[in-house]
Structure formats: C-alpha cells, structure tokens
Amino acid sequence: MWCLNMIMAESPGLVTICLLGYLLSAECTVFLDRENATKILHRPKRYNSGKLEEFVRGNLERECKEEKCSFEEAREVFENTEKTTEFWKQYVDGDQCESNPCLNGGMCKDDINSYECWCQAGFEGTNCELDATCSIKNGRCKQFCKRDTDNKVVCSCTDGYRLAEDQKSCEPAVPFPCGRVSVSHISKKLTRAETIFSNTNYENSSEAEIIWDNVTQSNQSFDEFSRVVGGEDAERGQFPWQVLLHGEIAAFCGGSIVNEKWVVTAAHCIKPGVKITVVAGEHNTEKPEPTEQKRNVIRAIPYHSYNASINKYSHDIALLELDEPLELNSYVTPICIADRDYTNIFLKFGYGYVSGWGKVFNRGRSASILQYLKVPLVDRATCLRSTKFSIYSHMFCAGYHEGGKDSCQGDSGGPHVTEVEGTSFLTGIISWGEECAMKGKYGIYTKVSRYVNWIKEKTKLT
C-alpha cells in the first residue's frame, strides 16, 4: 500500500501499468480443455420411435412440435432428405397407415392425404384385397389365366385377339375374330349368356377318362334321335359360325365353322358315298340370300375312335374339309375353340346355346328360319337316371326336365356354345336324345373338351 500511495502521488500513469500487470497475472483461462469442450459439443444419439425413423427429439420438439415448421427446418434436424420426406408425410396430415389398411400381408407406405400398399405375390388392388391367382375369379382375366414363375397372374387370349391395355381384357386383332357377333343391327339384348367365373381351381382341371354306363349297349341305332323345339328365331348374323349341311336332296345336319377351310359336325351325320355341300351365312332356307356361301366337302374325317357299327353316338364328332376357303365376314365367322381345360371350364358355367334348322316340334316340320335356344347343363347323376342308354364321359346332358324345349331332328352336328365376355366358345356338338323335348328327357351332346387337341391338329391352315 505504501508503494501504491507513493506511485499515485508521484505519477498517476504508473497506476494503470500496475493494474494491468495484476490482471495478466490472474488465472482467467479462455479455452476449455478437450474433455470439457467435448461435453459441451456432444450431440445426443437420435432416438428411433419406430414411426418417424431417427430424429433429435429435443430439436424436433422445438422446431416442429412447439411451432409450425417448414420442410427445410425439418431437413436441418434430419440432415437427410429421405428421412425428412417420410417424417413430413406424417407431420402434414397424420399417419395414413396407422389403421393398417393393407390386407393379406401387404406393406403400407404413408403419403400425403393417401397411402400405397405393396402387395404380396398373388394379391392386388388398392388394399391388396383381390386374390389375383387363377383359382379365384379366373385371376380377373377375361379369357385365359396362367401363373408365371413368380406366382403372378398372366392373362392371355384366344387366336385372333390380343390383350387390351388393362392386361385383363381381350380385344380383336383381326377384322372378323372368332366367336364375335359383328352385325351392327343386333342389339345388346341378344347377348346370350353371362360369364360366371366361380372360385374354382381351374388349373389342371382336366377330367379322368371314365365311362359312365347304365347299361352295356352295343349299338344305339335310333335314327329318330338324330337331333330346336321351343326356341326363338335368330336374327341374321346372330350365329355366324352356324352352317347347314346339304345332301343331294335335302338339308340334314348342322355344323360350325372352325376356320376358312374346316367345319366341325357330328360323325353320325357323315354317310358313305353321300355328297355334302356346306352352306355358310344361311338364315332362311326357303329363299336365296346374298350372305350365303356354298362349298363342297372334299374330305370327311371322323374321330379315330368313332365306330358306327359299335355305337353310332360314341365319339360323335367329325371334321369336314372344304374345297375352297370361306370368305370371312359378319355373316360367316369361325367359332372360338379354347384348350381342353378351359373348354371344360366354360361348359361348367351352366348355360349354353344351341342352334339349328331342325324340327320345331317332335316329328313335326323343320324350321326355315335359324332357331336358337338357351339350355342349362344337367348334372351327370340326373342325366344317368333319365335314360336306359349309355352316357359316356365324353358326353353331357343339357335341357329342361319339364320338357317343351330341346334340340331335335335336323339339328345334329350343330353347335353348343358358351359365351364368355361377348365371345362364344364351342363347348358341345348336338348328338342325340330320346324323342324331342319330352318331360324327364334331355339332349345329349358330344363334350368338345375331349377333342380340342385333335381338332386343332387336323385343321391347321398351311
């Protein structure tokens, strides 16, 4: 203190120097050591909530919970655009996946005002609610369905058609595709049947080769069975695949156009040595029509197992080769023929349509205008009980128990068709029956599914 008083008295400037020296000698460390500095700069590990990925809870609460934040402010917290985007979708309008909307094991991805379901193989739809396998509703395919190696549905179409943009429907790829009615004046009310794909396993559905006999019958020789009673007049062009078979004197059977050069009919319609003329585009047999096309048959091929001397109606199917190709148009169009499995599937839809110029009542006159009739499929047990004659596995019954409606004499060889989404497929050949339209009796048809491979092999166009 004595020194300080003396200095202050003699030189005030020295006071300043003394104070500065005192301060410099004091412990006032400006920088922290490494350990303490690390504690201050330490950032807590991000917490994974399971819903918002990793985030710094404190910063997120401050930035986006206490106050409304922008996307960029949230981006500063996450320091990652992908994680920020996922958080942002929930932050803006809540978690759309909270209610677990995706079914059948589908994974939900949240979005703004929406969500997206990532479906397991075999399922599709907004919520993976649709079983897309072929065993359920035919995989939603309009014609044919198969599974690929990943168990996914692949739809396909019959010849003359291609898949539409939806990859489910089929659209014509040629001017006059098989099984389509293209005459413009025929109204939609004449669409003849509904497609009903049931929840059945359609894969590997071919039937066993079983003979269902009531009685061993060597030769069912009953010409009166050569099989539309109770039908309706068809409009011109409504059944453009239907043909009329003419002998040297009169018409005697029907048939269906397979392609420009071939017709399919019943084998029992073929008579050795009888010249056959096929008339396509026919409607009214009592007058010439501009839509008619006549072709001579140059070759008749019954199915190789057909033997009329043993049984006139077993394997009752034959092919007719024409001398000149038919000119396809709206009145002359082939019928579609699916593969074996699908032909059998279509038959099981339950209803088909038969057509022809046969007798309009039992032992009555033949029709001049093409007739058609909707007939229900009859289960095999009922069919067997209805007759004493043999019903083989390559036959089926269709018709009405109460009678009054049936195919009849002159209709033999004509088509039994099933309409599938506006396209008709051949499912049977009119073969035989006991009388016509009798109560408790049914029409018997050749089951085309048993012969499709043979038909396609023999009728290939070269």
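Every residue gets a Cβ built from N, Cα and C, even glycine.
Pulled from Swiss-Prot:
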BINDING   Y47, E53, E63, E67  Ca(2+) 1 binding site
BINDING   N48, E53, E54, E63, E73  Ca(2+) 2 binding site
MOD_RES   E53  4-carboxyglutamate
BINDING   E54, E63, E73, E76  Ca(2+) 3 binding site
MOD_RES   E54  4-carboxyglutamate
BINDING   E61, E66  Mg(2+) 1 binding site
BINDING   E61, E66  Ca(2+) 4 binding site
MOD_RES   E61  4-carboxyglutamate
MOD_RES   E63  4-carboxyglutamate
DISULFID  C64-C69  disulfide bond
MOD_RES   E66  4-carboxyglutamate
MOD_RES   E67  4-carboxyglutamate
BINDING   E72, E76  Ca(2+) 5 binding site
BINDING   E72, E76  Mg(2+) 2 binding site
MOD_RES   E72  4-carboxyglutamate
MOD_RES   E73  4-carboxyglutamate
MOD_RES   E76  4-carboxyglutamate
MOD_RES   E79  4-carboxyglutamate
BINDING   E82, E86  Mg(2+) 3 binding site
BINDING   E82, E86  Ca(2+) 6 binding site
MOD_RES   E82  4-carboxyglutamate
MOD_RES   E86  4-carboxyglutamate
BINDING   D93, G94, Q96, D110, D111  Ca(2+) 7 binding site
DISULFID  C97-C108  disulfide bond
DISULFID  C102-C117  disulfide bond
MOD_RES   D110  (3R)-3-hydroxyaspartate
MOD_RES   S114  phosphoserine
DISULFID  C119-C128  disulfide bond
DISULFID  C134-C145  disulfide bond
DISULFID  C141-C155  disulfide bond
DISULFID  C157-C170  disulfide bond
MOD_RES   S205  phosphoserine
DISULFID  C253-C269  disulfide bond
ACT_SITE  H268  active site, charge relay system
BINDING   E282, N284, E289, E292  Ca(2+) 8 binding site
ACT_SITE  D316  active site, charge relay system
DISULFID  C383-C397  disulfide bond
DISULFID  C408-C436  disulfide bond
ACT_SITE  S412  active site, charge relay system
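Cβ neighbours within 10 Å of E72 (Ca(2+) 5 binding site), excluding its own Cβ and spanning all shown chains: 8. Sparsest Cβ environment among the binding-site residues E76, D110, E282 (other Cβ atoms counted within 10 Å): E76. Listed recorded positions near C97 (disulfide bond): D111, C117 (candidates C64, D111, C117, C134, C253, C269; Cα-Cα distance within 10 Å). E86 (Mg(2+) 3 binding site) is 8 Å away from D110 (Ca(2+) 7 binding site) when you measure Cα to Cα. E79 (4-carboxyglutamate) is surrounded by 11 other CB atoms, counting those within 10 A of its CB over all protein chains shown.
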